[in-house]
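Peer 1: After the structure tokens below, expect a handful of questions from me.
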Amino acid sequence: MERLKSNRGEHVNPAYDSTLDEPPVYEETNFSNGEHRTVRPSVVSAFGHDTLDRVPNIDFYRNAGSMSGHRAVRPSLQELHDDDGDGSDGTPSDDLESAVPTDDKGAVKFGWIRGVLVRCMLNIWGVMLFIRLSWVFGQAGWGLGIVVIALSCVVTTITGLSMSAICTNGVVRGGGAYYLISRSLGPEFGGSIGLIFAFANAVAVAMYVVGFAETVVDLLKDNDAIMVDEINDIRIVGCITVVLLLALSVAGMEWEAKAQILLLVVLLVAIVNVFVGTVIPATTDKKSKGFFNYDSKIFLENFTPSFTENENFFSVFSIFFPAATGILAGANISGDLRDPQAAIPKGTLLAILITGITYLGVGICVSATVVREATGNITDIVTAGASCNGSAVAACELGWNFSSCTVKKCEFGLLNNNQVMTMVSGFGPLIIAGTFSATLSSALASLVSAPKVFQALCKDNIYKILHYFAKGYGKNNEPIRGYVLTFIISVAFILIGNLNTIAPIISNFFLASYALVNFSCFHASYAKSPGWRPAYKYYNMWLSLLGALLCCVVMFVINWWAALITYGIEILLYIYVKVKKPEVNWGSSTQAVTFVSAVNNALSLSGVEDHVKNFRPQILALSGSARARPALLDLAHSLSKNYGLCLTCEVFVGPRSEALEEMNAGMEKNQLWLRKTKRKAFYAAVACDSFREGTKSLLQASGLGRMKPNTLVLGFQRNWRTASTEAVQSYVGILHDAFDFEYGTVMLRMDQGLDVSHIVEAEGQYNNVLRLLCAIYVLKSAGTPYFLSKLPNVCGPPPPQVAKMNERMLEASAQFHKKQPKGTIDVWWLFDDGGLTLLLPYILTTRKKWKDSKLRIFIAGQPGRCELDKQEMKSLLHKFRITCTDITVIDDIHVQPRADSLKKLEEMIKPFCLHEGSKDTAQAEAMRKEQPWRITDEELSTFEEKTNLQVRLNEVLQENSKSANLIIVSMPIARKESVSDFLYMAWLDILTKDLPPTLLIRGNHKSVLTFYS
């Protein structure tokens, strides 16, 4: 039977083995002192006594769903610390690195030689080695040719060092460069470069295949077997070749690896054949084509550059550099490596060294044996007595006259013949085989890399539309869909047919990837996160930064418009991912640097005195849970927006263990809700024995340095007349505490009320029942037996009257979340509190939601000088640069309130009055001692004028501001130990009764406005 349980909507990881988290198995053990008890064997062997504590073990540190072993869960702190030992259920928290592990049984895994070294060498020894290297040295000369190779090796070596540091800083999974960058810099950088990098590899397939096709077409041309014309023949041969390579790749990694070994053997033989051929005496035919064995004259003549037409150093570099882009071939199949942390650094750096030496060796040998231009005509020999000058001096001194090449284009020599290597070698067909091997191996490596990287990107679901390509097939989880997509892209670029057009695009895409690999290493080092502990120590953060900058500069040097396109695509993808905010958390260095910057900024602020010009409201809102009082939270958020601190706070009252458990459970949930609803606020909570003590803790300890709350925002306690005495005293006590701690205080009253927590809770229960019913339906449809371990406790629908009230409350709670209609914000600035009562409504008018609400200012004035008071206020507002539509002076606030208004007040306070006036002195004193919280007749008499003022203010508010969108009034203050809590609540109640949403504001009487610059 299956037990159906609610998992509160959390992700269920099928890879999680719950048996590992069950209580440990104990066995009977006899101790030497005769004691006999049940203990856990592994712990007894270490400590000799029974303990819940576990010894350190790697299984405790695995991610949920780890492929290399099960995750174990250590006892929670509550299990060890609490008396009841209930603790947590041991369920691992959602880990965004978690994945359902694939079945590795029978999967092919490679070591560092076959998996990295061989692949990197084959990918670097690409089309350039036998087709373009002679042209590079012919154009640049061997002097600048060495610089071209050295610069390429510098870029790739720095990148290799950076990559080595990153990949030894934790377990590396599939995805190669994308995985390294995304886990280091985050999904924004990783997601943008992942697409570019996968696309670059797909285009690289086309580039290498075009190189192969060029060789084949040259052979067809030599044998007069051209099918259509040269360009179209290259396209035909290229497309056929890609189809065959695709078939080999789809067959599986094992077949592909075997093919790579075969191709490596052929390639090594071909390279050796070149060196052997340079020492075999040149025939007359070879001399006519420019090959003369080693000769110092040729070597010196080929030292200087001889750029033709529109070529220059950078264009030549852009043609050569793609040959160096194979360094990530091993990293790209990181998911298929036995130990990627060890294999990638060792194999990649050794491959760079070997291939760099090979390129230099072959390039220098060719430069010392072959002239730049030759006619290929065996009759072009120097006539007796002719002087040797011009551009072909070395050939002339060796008896050959190639001067005609200055007049017409010749077909041979370093500059003109792409098959120089075939001519130089000891056995020409071996070079052709080597060319085939070099180009096909590079194409095959790229054809494997592109889908693997793309699959890893799609698995992370950063681009949801691409998730279709995440599916793998077979024991090696082969990305068949990715192979097909790569095939389509490569065929499209093969149809271009021109290698020189493709090369700059490839260079820029790969350089962008290299730049981010280097920047990832620098950024992680700069963040100085304790989690950055690479096992590979031979790196330098500043060298990595230099490598990143070098890559960026070279991108523009190679091709400025291609660089701009690359940057444009990357920025657009970055913005897309940033806006979409994928729900992943990889502990990136971006997070670490953000944290360090926040700490440094907070510390720098702490050394600066506050200034009135920089004052901004930093809100501490007593909202309860984030969803409990949305109107209060929305108003607080409008005041702080993105420019100030906003804390939404909750106090958990009750037994410590229960309160703490509830508080810890809600922390992440509330912050997540704030983030999802785009309310820029922090959630904070405390557990205390009383609400007032908890609030006092928040008022004193919230914030960091200068980033501390300075304004308390809370809702009006509507039920004060029916609440317990302790609740009212606690509420008023919070106001006194806020004034004591010099907080500005803001109180919001809405007739419908603010607290919708009961509706939210009922909605949550309803959703749980819906999920339960859906699960039951699925089980019943599948014919699976089930039973309920616990019946859901859900009440029926509320009565119509209650439902209507809830509907009105929900509508009112969303009032400040939507755009406000045209209207006014009426500010009753009755008492000077430092300007907070004026500043807060001004801030509201700067928000989009409130832009149609205009300020109206109301002030108290003396009869007979209304106009003078109005001009003074107008002048003050002008100096403060605050505009308003109207200023109204109320000169009859001092008059006696109407009788019906006073009667409402009397009825309000009647249950809380002591009425000791009718008693004798002793009896009255006894009543005061017994019920000190009641309102005495003496108190009513002492504060009669102030009490009447609140009643009268409500009357004038009703007359002037009944239609306002929001009313703001100066909050009356009750002197401690003089005004009773219930009388103060009556003041606040009668003042704001039957009005639109009203804010009572009282600043801390320190200036928050200034007219000085």
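Each residue, glycine too, has its Cβ placed from N, Cα and C.
Residues or ranges marked as compositional bias 'Basic and acidic residues' by TrEMBL: 1-11. Annotation comment: TrEMBL describes 81-97 as compositional bias 'Acidic residues'. According to TrEMBL, the feature domain 'Amino acid permease N-terminal' maps to 38-90. Annotation source TrEMBL lists domain 'Amino acid permease/ SLC12A' at 115-620. As annotated by TrEMBL, domain 'SLC12A transporter C-terminal' applies to 629-766, 804-1013. TrEMBL lists 1-34, 78-101 with the feature region 'Disordered'. Taken from TrEMBL, the feature transmembrane segment applies to 116-137, 143-172, 193-213, 233-252, 261-282, 313-335, 347-371, 427-450, 480-499, 505-526, 538-562.
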Peer 1: If we skip the immediate neighbours and take only residues 6+ beyond the ends of the transmembrane segment (427-450), which ones have a Cβ under 8 Å from one of its Cβ atoms?
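Peer 2: Tertiary neighbours of the transmembrane segment (427-450) are 119, 122-127, 129-131, 176, 198-199, 201-202, 204-205, 208-209, 211-212, 215, 219, 241-242, 245-246, 248-249, 253, 256, 259-260, 263-264, 266-267, 269-271, 273-274, 277, 326, 328-329, 332-333, 419, 421, 482-483, 486-487, 489-490.
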Peer 1: Where does the mean pLDDT land for the domain 'SLC12A transporter C-terminal' (629-766)?
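Peer 2: Averaged over the domain 'SLC12A transporter C-terminal' (629-766), per-residue pLDDT gives 87.
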Peer 1: Answer with yes or no whether the transmembrane segment (347-371) touches the transmembrane segment (313-335) by the criterion of at least three Cβ pairs under 8 A, sequence separation 6 or more.
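Peer 2: Checked: the transmembrane segment (313-335) vs the transmembrane segment (347-371), in contact.
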Peer 1: Give me the DSSP three-state residue breakdown of the domain 'SLC12A transporter C-terminal' (629-766), ordered helix, strand, coil.
Peer 2: 69 helix, 28 strand, 41 coil
Peer 1: Does the transmembrane segment (538-562) come close to the transmembrane segment (505-526), meaning at least 3 CB pairs under 8 Å for residues 6 or more apart?
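Peer 2: With 3 or more qualifying Cβ pairs, these stretches touch.
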Peer 1: Can at least 3 Cβ pairs under 8 A be found between the transmembrane segment (261-282) and the transmembrane segment (116-137), with each pair 6 or more apart in sequence?
Peer 2: yes
Peer 1: Which listed range (116-137, 193-213, 480-499, 538-562) shows the maximal number of Cβ pairs under 8 Å with respect to the transmembrane segment (143-172)?
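Peer 2: Out of the listed stretches, 538-562 contacts the transmembrane segment (143-172) most.
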Peer 1: Given a Cβ distance threshold of under 8 angstroms, which distant residues of the chain, six or more beyond its ends, lie next to the transmembrane segment (116-137)?
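Peer 2: Sequence-distant neighbours of the transmembrane segment (116-137): 110, 145, 148, 207-208, 210-212, 214-215, 260-261, 263-264, 267, 270-271, 302, 316, 319-320, 322-327, 329-331, 333, 337, 343-344, 346-348, 350-352, 354-355, 358-359, 362-363, 366-367, 370, 414-415, 417-422, 431, 434-435, 438-439, 441-442, 445-446, 499.
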